[in-house]
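Novice: Quick paste of what Swiss-Prot says about this protein:
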| type | residues | note |
| --- | --- | --- |
| BINDING | G9, L10, P11, G12, S13, G14, K15, T16 | ATP binding site |
Amino acid sequence: MINVLAVAGLPGSGKTTVARIIERRGYLYYSLGDVVRAEAERRGLTPDKTAVTMRLERGRKAVIYELLKSVKPGEKVVIDGIRSIEEVEALEEFLGTVFLIYVVASRKVRYQRLTGRGRSDDPLSFSQFLLRDLRELRFGLADLLSRADYIIVNETKSIEELEQEIGKVLLELR
């Protein structure tokens, strides 16, 4: 059985929704975005600047190493917001085999979701949205698509449809 599930995808693709569904199936939930937002608050910076700064100061694995301080080997965990192959490698190094789920949705759908959720790090304009995508891709997010063990196309799926799909995936992992 695989105990470590990682969820990746561009902002607004539905990563957190997928990860929270997995959490309800008995996995402990951890968010790399929460790590960055907490560090941003501590530093008095925006989450975007903090994500870049952490990686520049301490390398591409900086955020995942911070998160790993809270995770115990052997726990069933879902990690929300993986950004690079290096982060997956760090998880594998400390926790064992990782099953990577990549969530995709169109730009239009993702932008609509982001502008409707009201988080402090959400874009205020379409140009900010595009810049955020570019930053995420520079972290190595695009490379994860070829490493994904499972891809969810989350364009118009209801929560119930996502729950059914994820339930089938988790059954196969047993």
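Any Cβ shown, glycine's included, is placed from N, Cα and C.
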Novice: Out of S13, T16, which of the binding-site residues is least crowded by other Cβ atoms within 10 Å?
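Specialist: Fewest other Cβ atoms within 10 Å, among the binding-site residues S13, T16, is found for T16.
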Novice: Using a 10 Å cut-off, grab the number of neighbouring Cβ atoms around the Cβ of G12 (ATP binding site), all chains included.
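Specialist: Other Cβ atoms within 10 Å of G12 (ATP binding site): 26.
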Novice: What other residues of this chain sit with their CB within 8 A of the center of the CB atoms of G9, L10, P11, G12, S13, G14, K15, T16, the recorded ATP site?
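Specialist: Near the ATP site, beyond G9, L10, P11, G12, S13, G14, K15, T16, sit V103, A105, R110, R113, N154.
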Novice: Counting across all protein chains shown, how many other Cβ atoms sit within 10 Å of the Cβ of K15 (ATP binding site)?
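Specialist: Cβ-Cβ neighbours of K15 (ATP binding site) within 10 Å number 26.
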Novice: Cβ distance under 8 Å to G14 (ATP binding site), same chain, sequence separation 6 or more: which residues?
Specialist: V103, A105, R113, I152, N154, K157, L162
Novice: Would you mind pulling the DSSP three-state label for K15 (ATP binding site)?
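Specialist: DSSP call for K15 (ATP binding site): helix.
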Novice: If you count other CB atoms within 10 A of each CB, which of G9, P11 wins among these binding-site residues?
Specialist: G9
Novice: Long-range neighbours only, meaning 6 or more apart in sequence with Cβ under 8 Å: which ones does L10 (ATP binding site) have?
Specialist: V104, A105, R110, D133, E136, L137, L141
